[in-house]
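Participant: Pasting the feature list from TrEMBL:
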- 357-380: compositional bias 'Acidic residues' (COMPBIAS)
- 388-402: compositional bias 'Acidic residues' (COMPBIAS)
- 32-192: domain 'Bms1-type G' (DOMAIN)
- 265-285: region 'Disordered' (REGION)
- 299-332: region 'Disordered' (REGION)
- 352-404: region 'Disordered' (REGION)
Amino acid sequence: RDRNWIGAGVHALQLCPQVLAEKRSLGSRDGPPHLVVLVPLHSRAAGCDTLRLLQSQDSAVVRVDEGRAGGFALLCPRLKQRWRFVTAQAGDLHAVLDLAKVADSLLFILDPADGWDSAGEHCLSCLFAQGLPTYALAVPGGTDLPPKKRIDARKKLAKAIEKRFPEAKLFPLNTEQESLLLLRHLATQKQRHLAFRDRRAHLLAYAAEFVPSQESDLVGTLKVSGFVRGQTLDVNSLVHIVGHGDFQMSQVDAPPDPLSLNPRVVKGQKKSQDMEVQDDSVNGTDEMEEDVKVLMKADPNKQESLQSEVVPDPMEGEQTWPTEEELQEAEASLKANRRVVKVPKGTSKYQAAWIVDDGEEGNQEDDDDEDDDIDDDMMEEAVSQEGESSEEEEEPAEEECETMTVSECLRDDQYDEKVEEDEQMLERYKQERMDEMFPDEVDTPRDVPARVRFQKYRGLKSFRTSPWDPKENLPRDYARIFQFQDFSRTRKHLFRQIEKEETEGASVGWYVTLHVCNVPVSVMESFKEGKPLVLFSLLPHEQKMSVLNFLVRRHPSNSEPVRAKEELIFHCGFRRFRASPLFSQHTSADKHKLERFLRPDAALVVTVYAPITFPPASVLLFKQRSNGMHDLIATGSLLSVDPDRIVIKRLVLSGHPFKIFTKMAVVRYMFFNREDVMWFKPVELRTKWGRRGHIKEPLGTHGHMKCHFDGQLKSQDTVLLNLYKRVFPKWTYDPHVPEPVPWVRSESTLLVQEVEME
């Protein structure tokens, strides 16, 4: 026991220097500036007043205005600290989530009376699901209230934030002294780590410049300047621009640091007693052009490829011309199979081959049996081919049909146009309700034979223990994806390399300029509009496509039915994309049952085609409304990257007992012709009351059948027959996600929270 305590103490002592070094480097001369993102949670909580207060410090602080970005930098040479404050645009969900991915601290601005409104509640739900970095709560204003009402409002607000932020402290922000206390708290509080960003180099663009290529003005080189965070940045790795895609870098430059604690003084300018205010240009091109040093250039032999898919060869697996070795093996086998027989004179080789020896006559019966089996197989194949045309007509009604939500702006005065949308929603509610009451049950078609309609399905003795080959009947899309032989081992090996090996490149805290190749001009246009430009370096293989499985749980704020294969918007780690997922149960078995709807009471696994991402990584699922707003429907994390995960779709055919005997019963309404009964005769039957049995024989020509069970049936019981088929997701991956319409703010959520707490 003493050894355990001593070992734990030594381990803690070893970690203390690392923690202290990390805390001291953040915001210091050698580290990146402390990035603070202001997030207003109420329409009356103005971030500009907070920024004005934070700027009004003593004369030892240098303030650098950024103009366009809606923030500023705060430099304090006396304290050897530097901060960068950026304000998230109110109502812009993508901007808030992108800034929170790279922020060191979040500063939530609350309203002194109401705290946050419905839009602020939605923003907090998304931030908590994505992963919350270090945060602080500030309450500006409230001085115009009478003292008694001010105290009551503060108590009410403290009680409201207790549910969301149990250990948080409210910082009033009305005077310079209170703003200084807030700054000290931001600088000294313990930093929270987000796993998906700590293992990857990332930066928030401080300045950007677009250089068009010679071929086209729509594509060119984007020069992005910013401070490296997280890990060392290698020029040969790929970078992901959040919301725009993956790109290669050509070189990395080292321009002068615009936020240096010891700024250079240009000759001819007088030094004022107070530190000066330094203004930056809009695009930040001035600091790029002076004293730029090239740190490193990309090596084509070491640079990561942008290939994301495997190009399948249509001729792969086809018959080719035999090689010399194969011809020699064929000759040897012919010689080995030659036999010597006695034949009459004048007999040709062709006639001799038909002469049967005495020893072969005894095997004719076995050969006849084999021929019968072959004939049966050929008959089955012919029946299956006959049903392919009808299968193609009927199958999309069950599984290939998907509901697409199209972005379309609607005005409130066009009220009657929403009637059709309401009818569709009502139909979804009915389908979800029927699936809850009668899971996986379908009606046997009358116009198509059941053996043709369900020819791709099979019966299983046991869903849990019966074998299913994961490489059987794979779709063509599986030829385009990448698969690891052992994903967990590859992930551990990569993370071990990141922790132990030192990578050559731009170190954490350096101010660098990245030359990103073949970037569309739309990236620069969005940056000029004031949207944040966030870059993440990719680990090896993270640009390649595979099958990703997410473990999610439905968000309590969403109650609308969400059907499988419906287009959703994914925010996975540093990526966001659109895809049509499959839902399946989360179990420890090797087969997982498909769920037709997103269940509100259980965790489900979501399966899509998407670029490889190494967990841990959070995931948020959004559904786009017809008016362009994004609703948060589910949250969770990345479970695995595994194309061999088997998702099984189950169909249940139901019948009703017509005549009941001791252990026998006549069942009807499951099939409607004699051939279907004979076809499904090997499949085991079960009932809703727990009986098991099998089909004995058909009765008549209208689908009645005699069945044997392990006990006597009840008259109100239902006979079921389970059929199974493996399903795969659709290739609907789209990395371009439209910008959401700002969330409509409503009344304060404080009263609702009080009622819930009571």
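Cβ atoms are placed via backbone N, Cα and C, with glycine included.
All annotation found in TrEMBL is predicted automatically rather than curated by experts.
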Participant: Go ahead and report the DSSP secondary structure tallies for the region 'Disordered' (299-332): helix first, then strand, then coil.
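Facilitator: Counts, helix then strand then coil: 9 helix, 0 strand, 25 coil.
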Participant: Which residues of the chain, 6 or more past the ends of the region 'Disordered' (299-332), have a CB below 8 A from one of its CBs?
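Facilitator: Sequence-distant neighbours of the region 'Disordered' (299-332): 236-238, 246-248, 476, 479-482, 538, 540, 543-545, 611.
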Participant: As a test of reading the model: what is the averaged pLDDT for the domain 'Bms1-type G' (32-192)?
Facilitator: 81
